[in-house]
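The structure under discussion is supplied below as structure tokens; questions concerning it will follow.
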Amino acid sequence: MRELLSVKDMNFTKDAKVFIRCDFNVPMDEYRNITDDRRIRSAIATIRYCLDEGCSVILASHLGRPKEGFEDKLSLEPVSKRLSRLLQREVKFVKDVVGEQASEAVDTLKAGEILLLDNLRFEKGETKNDALFAKKLASYGTYYVNDAFGVCHRAHASVEAITKFYDDEHKAAGFLLQKEIAFAQNLIKRPARPFVAVVGGSKVSGKLQALKNLLPKIDKLIIGGGMAFTFLKALGYDIGNSLLEENLIDDALKILNKGKELGVKIYLPVDAIAAPTCSQDSVMKYVTAQEIPNGWMGLDIGPATVVLFKEAIDDAQTIWWNGPMGVFEIDKFARGSFRISHAIAESPATTVVGGGDTADVVERAGDTDEITFISTGGGASLELIEGKELPGVKVLLKKEED
Ligand code: AMP
């Protein structure tokens, strides 16, 4: 892939205004407290850099999926407060995106000041990649910086259409975006070996393409979570009521065979924590993968699988992890994911975690500081691993030199 245009190479004119597309799509509780501000903290390097260059910054982001215009619970106001606390300076906020209030706030913004617009998706044009909407956003800043890795796999107005209004001297990728791309690329191109991929989560379908793309590049593949049962079924096991994607049994078998052909060691669970229902007060028992009772489902990997997976991870030099090992949201079925998180965290390997759920597991397990890199974008990080070109990244690549 060609190199990205970098914010570091921008020659800002005096008192310039910079429009920064951030990813402030953070989780909040019912009181609208931000429960995880990692995405806000990750944007700070780029914001600080632009401010230190003497610019004023206009920040924009989406939050959740508003249905029709403004929704109080999806306003970015709590983000402006948290950002202000993190930066220890004022962050102006307008409950507006492209209306008069926003325009006025931008016009009166002085050098060194920060303005946050409200949720971009309150405007229909954002997800439609609408050129007129993008043009209005582009009128706010002489420079455009994209630091929103989490949405780069979407051709949305503030990510894709907007870049058409800037030449290569006036648009660039922020530091977070550059870091995300660099980590994913190094992982695929130059992994230290053994390179182990650990995948889990609910569905094979969501990760099928990534698995196909990864297989020729890795040394070991560890499969846990709900998706493992489609593989176990493909091997002829009785999996009770466990999660199954019947239409993917063939694909699962192909992956297992391809692994053999390529000499990739593939590990599947050998036991599970099974329960008749997926709830905290359900009865549960430890069973081998071959003895899941009729009507029961496997909801976490069992202790023998933890030992097996840990042993397989033991000599890894690079580990990529995407997808929990069980229904970690329910305490009873969280243990397997936590123990694998600890094992990955303790490994001396370069460890890269992708996916919101997996980042959440690592956080809850208290392992965040021990992981080399935790991607801020679930879907986007998966698409990079699948080898796809992200629409938001493609438009920020340097032109090919003759
Ligand atoms: P994904 O979005 O495909 O990465 O899936 C994440 C979800 O998979 C989490 O919400 C987990 O609760 C769920 N999950 C993990 N293991 C299982 C399992 N054995 N059965 C059902 N769901 C699972």
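Backbone N, Cα and C atoms are what each Cβ position is placed from, and that goes for glycine too.
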Record says D23, F24, N25, R39, H62, L63, G64, R65, R154 bind substrate. Source is TrEMBL. Which of R89, R121, R190 does it list for that same site?
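Within the candidate list, TrEMBL flags R121.
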From the candidates E180, E311, E329, give the one listed by TrEMBL for the same ATP site as K207, G298, G355, G356, D357, T358.
E329
Name the residue among the binding-site residues R39, R154, K207 whose Cβ has the smallest number of other Cβ atoms within 10 Å.
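Checked R39, R154, K207; of these binding-site residues, fewest Cβ neighbours within 10 Å: R154.
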Among the binding-site residues N25, T358, which residue has the largest number of other Cβ atoms within 10 Å of its own Cβ?
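When each Cβ's neighbours within 10 Å are tallied, T358 leads.
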Quiz question: given the binding-site residues G64, G298, G355, G356, which has the greatest number of C-beta atoms lying within 10 angstroms of its own C-beta?
G298
Taking each of the binding-site residues H62, R121 in turn and counting other Cβ atoms within 10 Å of its Cβ, which one has the fewest?
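If we count Cβ atoms within 10 Å for the binding-site residues H62, R121, the smallest count is at R121.
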For D357 (ATP binding site), which of the binding-site residues N25, H62, R121, R154 has the nearest Cα in space?
N25
Provide, as an integer number of angstrom, the distance between the C-alpha atoms of G64 (substrate binding site) and G298 (ATP binding site).
31
Using C-alpha atoms only, work out the spacing between H62 (substrate binding site) and R39 ((2R)-3-phosphoglycerate binding site) and round it to an integer in Å.
12
